[in-house]
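Colleague: In case it's useful when we look at the structure, here is the feature table from Swiss-Prot:
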type	residues	note
BINDING	R23, E88, R127, K459	(6S)-5-formyl-5,6,7,8-tetrahydrofolate binding site
BINDING	N233, T252, I254, T257	K(+) binding site
BINDING	233-238, 252-258, 277-280	GTP binding site
BINDING	S237, T258	Mg(2+) binding site
DOMAIN	223-381	domain 'TrmE-type G'
Amino acid sequence: MKEFDTIAAISTAIGNSGISIIRVSGKEALSIVDKVFKGKSKKGIIEMNTYTMRYGNIVELSNGDIIDEVIVSFMKGPKSFTGENVVEVNCHGGMYPTKRVLEEIIRAGARLAEPGEFTKRAFLNGRLDLSQAEAVMDIINSKTELSMKSAVAQSEGVISREINKLRQRILEIIAHIEATVDYPEDDLEEVTAENVSKDLNDILKEIDELILSADEGKILREGLNTVIIGKPNVGKSSLLNLLLDEKRAIVTDIPGTTRDVIEEYINISGIPIKIVDTAGIRETEDVIEKMGVERSKEKMENADLIIFMIDSSKKIDAEDLEIIDYIKDKKYIVLLNKVDLKNREDKSKLDLLNKDNIIEFSVKEKVGLEKLKDTIENMFATGNLQHSNTMITNTRHKEALLRAREHCTTSLKALQDTLAIDLASIDIRNAWTALGEITGETLQEDLIDKIFKDFCLGK
């Protein structure tokens with residue numbers, strides 16, 4: 001276990017609540033908290049047994065005045081989250097009492113922790129690897145049961161085990177190549193280009209399977225980026241309110257009411273969906289509305305799914321056709337809204353689009369709502385998304401896998417072109433290094449620091 005100073009931070013969300021928790025971690029955690037803790041039983045906490053609690057008060061270091069009534073728990077390292085001695089102080093919730101307890105612990109000798117520093121120490125002390133550490137934040141940020149289950153599986157080491165198996169197989173290839181090259185006179189089993197190529201192809205298949213899972217995994221982690229588009233007053237904001245089951249967006253008969261994008265999360269069959277209501281797309285001289293239209297177009301560029309709304313009580317015009325031409329090669333659903341009114345649109349103008357993705361809809365009468373949800377589920381909720389724990393959800397992991405794949409492919413080409421196994425071994429080792437970046441074993445320290453700085457304070 002590495003030696004660090006003792007850190008402290010608030011681990012619960014700031015705000016009024018029944019309880020707040022201040023976490024203290026480090027070699028001196030017990031002795032520091034003992035300076036400001038007065039137990040009801042008149043006992044200090046220096047001799048506390050691990051996994052026990054004490055009831056008492058946190059007092060001012062200077063004069064002994066009571067700050068708050070607390071319960072203190074102790075977990076002795078290395079059998080704690082960080083691998084160090086950890087003390088958690090449970091005080092009354094609320095910004096001021098929590099802040100005062102933390103201030104007094106810092107006065108007693110602790111340092112205010114940096115964002116993610118507790119989890120970083122757990123990683124550096126070998127309590128978890130980097131992919132497991134990242135899963136901690138994924139659990140906190142999960143939006144649905146499916147996304148939480150995926151994050152929990154990663155925190156339990158599902159991805160780590162797959163990566164470690166691949167790295168071990170690559171390491172065995174490297175060891176056999178180096179033994180053959182360095183000790184040709186020894187009576188070793190011959191390693192040929194054909195043998196190595198076969199092993200690498202098997203490894204490539206497994207890497208490809210993990211890469212293929214990444215698109216669905218990204219949806220679980222970050223949400224399905226869904227953009228509602230259409231001309232002004234076709235019902236985009238009304239659709240957002242219907243999906244959220246609340247009045248989140250302002251709805252009026254005045255075109256151009258929505259001038260900026262509105263983003264909210266909804267849950268459809270376990271799929272977290274980040275749904276974006278955009279400004280109506282039309283030619284306008286209004287400067288603010290014009291900016292909103294430009295943002296709408298930017299959101300369309302990065303969307304996983306586009307929901308295009310058409311007012312079916314009006315004829316399809318040039319602006320609609322322009323959007324149809326844009327979305328035809330993307331993932332889309334077309335809602336023919338206002339079917340409760342007289343239908344005037346010419347459906348022949350929709351021939352460029354997949355008829356299975358066109359839904360007759362009425363926000364007002366809730367016609368087509370279930371079909372919309374079913375269509376989204378059929379498009380994105382595959383068997384893997386519903387049942388597979390071994391899924392790549394992190395873009396950083398996908399990029400490392402792509403690098404490993406590239407190195408394996410390059411080494412295979414070298415074997416085919418030259419049959420020289422020693423030349424191929426350089427790229428094979430680079431593939432091993434790339435995979436190690438996922439678990440943190442071969443990642444540079446500055447990149448590790450950057451990852452943990454994105455964590456919340458107190459975690």
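The backbone N, Cα and C atoms fix where each Cβ goes, and this holds for glycine too.
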Colleague: Can you tell me how many other Cβ atoms are located within 10 Å of the Cβ belonging to S237 (Mg(2+) binding site)?
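Modeller: 23, counting other Cβ atoms within 10 Å of S237 (Mg(2+) binding site).
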Colleague: Under DSSP, is S237 (Mg(2+) binding site) helix, strand or coil?
Modeller: helix
Colleague: Taking Cα atoms as reference points, which of the binding-site residues N233, K236, S237 is nearest to R23 ((6S)-5-formyl-5,6,7,8-tetrahydrofolate binding site)?
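Modeller: Closest by Cα distance to R23 ((6S)-5-formyl-5,6,7,8-tetrahydrofolate binding site) among the binding-site residues N233, K236, S237: S237.
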Colleague: Taking Cα atoms as reference points, rank the binding-site residues E88, R127, K459 by distance from S237 (Mg(2+) binding site) and give the first.
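Modeller: That would be K459, nearest by Cα distance.
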Colleague: By CA distance, which of the binding-site residues (E88, R127, K459) lies nearest to K236 (GTP binding site)?
Modeller: K459
Colleague: If you draw a 10 Å sphere around the Cβ of R23 ((6S)-5-formyl-5,6,7,8-tetrahydrofolate binding site), how many other Cβ atoms fall inside it, taking every protein chain shown into account?
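Modeller: Within a 10 Å radius of the Cβ of R23 ((6S)-5-formyl-5,6,7,8-tetrahydrofolate binding site) lie 23 other Cβ atoms.
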Colleague: If one looks at the chain holding K459 ((6S)-5-formyl-5,6,7,8-tetrahydrofolate binding site), which residues at least 6 apart in sequence have a CB under 8 angstroms from its CB?
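Modeller: Set apart from K459 ((6S)-5-formyl-5,6,7,8-tetrahydrofolate binding site) by at least 6 residues yet with Cβ under 8 Å, we have S11, P115, G116, F118, T119, V136, M137, I140.
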Colleague: Determine the Cβ neighbour count for N233 (K(+) binding site): the number of other Cβ atoms within 10 Å of its Cβ.
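Modeller: If we count other Cβ atoms within 10 Å of N233 (K(+) binding site), we arrive at 21.
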Colleague: Can you give me the same-chain residues 6 or more apart in sequence from E88 ((6S)-5-formyl-5,6,7,8-tetrahydrofolate binding site) with a CB-CB distance under 8 Å?
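Modeller: Long-range Cβ contacts: S11, I21, I22, R23, V24, V72, S73, M75.
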Colleague: Can you grab the distance from N233 (K(+) binding site) over to R127 ((6S)-5-formyl-5,6,7,8-tetrahydrofolate binding site)? Cα atoms, rounded to a whole Å.
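Modeller: Per the Cα atoms, N233 (K(+) binding site) and R127 ((6S)-5-formyl-5,6,7,8-tetrahydrofolate binding site) stand 55 Å apart.
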Colleague: Do any residues at least six apart in sequence from R127 ((6S)-5-formyl-5,6,7,8-tetrahydrofolate binding site), in the same chain, have a Cβ closer than 8 Å to its Cβ, and if so which, in order?
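Modeller: Spatial neighbours, sequence-distant, of R127 ((6S)-5-formyl-5,6,7,8-tetrahydrofolate binding site): P78, F81, T82, G83.
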Colleague: Over the residue list R23, E88, R127, K459, recorded for (6S)-5-formyl-5,6,7,8-tetrahydrofolate, what is the maximum interresidue Cα distance in Å?
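Modeller: Max span of the (6S)-5-formyl-5,6,7,8-tetrahydrofolate binding residues, Cα based, is 18 Å.
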